[in-house]
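Visitor: Please find one structure pasted underneath; my questions will follow.
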């Protein structure tokens, strides 16, 4: 077995041993979705069925909400000396970090599948064909990959598991200040400008266009560029911290 | 054995402007126990981190197992085991699975696991998640994990800090067993008693410098020996008793005497007889043995607060 396989098995075991954490990371986005669709959705005029409008943003929220568990897990490995132990055993940093990234993506996939399932139950319907759905899955995975690297770096750098968990809060909040809940032009001016230029808005717009069966190429390209940038930043930050911190 | 397991000369390390290690020289012969003794913040963990390839020094040379820690970090890692200050165990796995993880990563044989569990008295808990283990059990599992692959040089960073006295004794017995098997141990501690019990040589680290180095016996000769404290009911009585006991000094409160002694029963009996012969009665007697505070006071002229 290679070091990477051993590390992956360890991280998968963590996911299996801690079903409460997985459930928790699925529950919150589902509750938010039900709340917006049933309780507040009627108040927003978005031009289409509200559940159809909200689902893309909820996919993004499902990805982001699971990240605090990743940050906490990585940080506990760092602060408890487990990463030091692996380093002294000459386990490659690639194996250690990739294990966490893949585990984080697995959690994301479970949460995204759950949120799409709930959306369908709430009446969500999409005219998208196979290509459209593959695009949605591909973009969700790319987003998950990039924010997971970013979160792993955050977890490595934080002083304690508590601050690591707290550090991921902005990622959970960002979807609320995007076009996830209502169109960006309908929120207050300051927020609207922020919403227009923050990375999650084009990603949501790209997902929305794919699910609506009318892919928006500009949004897709912008999304991929943002994801690549975030992934690169996270990767470089993670490697630097891994090499320096003991 | 004349081979050096660890050779350090002129080791320096600073974090920003804060100098943590300011020219450390030490040598540990193979098969011996070396103890680095010092208070919190003296630089013990930084030393261990440099010697175990985790961080790089700013200057000086460090050779472990005959290899340079920077030029041949891989070669060093193949020969060492490290148990850090906090038990580096995986809470979500069982004890058995933690050991299996080490066996897999070291490409060792799983057959060593039952023996290690047995040796550390963890067989009964082997299939329970580590999250349910006590502090002592976690430390033992941590050390068992370090032993997978049979490292010849083991670094133990404060292995008994936070343990109850019984677990501490168990840990000491385990360390003695390792030494008997020919393993070299580099141990850091804030307890003089621990260094005294285990080490062949002790170095005292204070603010990044070694202020003393030697065998436990040599070191203890440099520090005040044990003394007896006697508390009297009033100052005149203390003063009268001080006249009877050579070397006795009075504390600031005026009623307590410190009498130096070797800590043996003969000198204690002699002291009590002498008081008795002159009808002097102390209200309270305590025997004080030197601890890290005394070592530091003697070597640096400063008090330190230890936990």
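Note: Cβ is positioned from N, Cα and C throughout, glycine not excepted.
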Visitor: What range among A:95-124, A:185-214 does TrEMBL describe as transmembrane segment?
Guide: A:95-124
Visitor: Any contact between the transmembrane segment (A:164-184) and the transmembrane segment (A:95-124), i.e. 3 or more CB pairs below 8 Å with pairs at least 6 residues apart?
Guide: no
Visitor: Which listed range (A:21-41, A:53-74, A:95-124, A:219-238) shows the maximal number of Cβ pairs under 8 Å with respect to the transmembrane segment (A:130-152)?
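Guide: It is A:219-238 that shares the most Cβ pairs under 8 Å with the transmembrane segment (A:130-152).
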